[in-house]
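One structure below.
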Ligand code: ZN
């Protein structure tokens, strides 16, 4: 398992739509293992493949926050099939937008359908942090970032900050 470098805002890859996984190959298995490793190394509770520059619909999440018992889930082609009317606000962050946080309102509970690494179609109902995390990561697969859910003013400010930082690093 390898920790892979993270794709950081304003990298244009983050705006691309990822492709479905059609077959569980060794390449996909390695990708998932590397994503889990990269997620724990960061550390973060969730990661989408695009965040390491792979445009596949693969998400890894461990929202248990228990460092002694790692329990990652790998989601292939995850989609939200139901979401609650009730909303919930969570102070979100993103490994591709380091050290920036913002309050995002999303449905409090969701049901997702996904394929696991054994090729089985699974449905999972989630609430709390896991529900927020699933919605955040599935957004990534569609080129959407959590800052898109903030006001335009806040979004423009963070974009400007990261664009400046990227220019500084390139110089
Ligand atoms: Zn993110």
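Even glycines carry a Cβ here, placed using N, Cα and C.
Secondary structure at residue 137 (active site), as computed by DSSP, is helix. Residues annotated as active site in TrEMBL: 137.
A strand conformation is recorded for residue 94 (Fe cation binding site) in the three-state DSSP classification. What TrEMBL records for 94, 136, 140 is Fe cation binding site.
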Residues within 8 Å of the 94, 136, 140 Cβ centre (excluding the Fe cation site residues themselves) = 46, 48, 51, 92, 95, 96, 137, 139, 145, 146
Task = Mind giving me a neighbour count for residue 137 (active site)? Other Cβ atoms within 10 Å of its Cβ, every protein chain shown.
result = 24
Query = Which number gives the other C-beta atoms within 10 angstroms of the C-beta of residue 94 (Fe cation binding site), all protein chains shown included?
reply = 25
Ask   = Just the number: how many Å between the Cα atoms of residue 94 (Fe cation binding site) and residue 137 (active site)?
value = 9
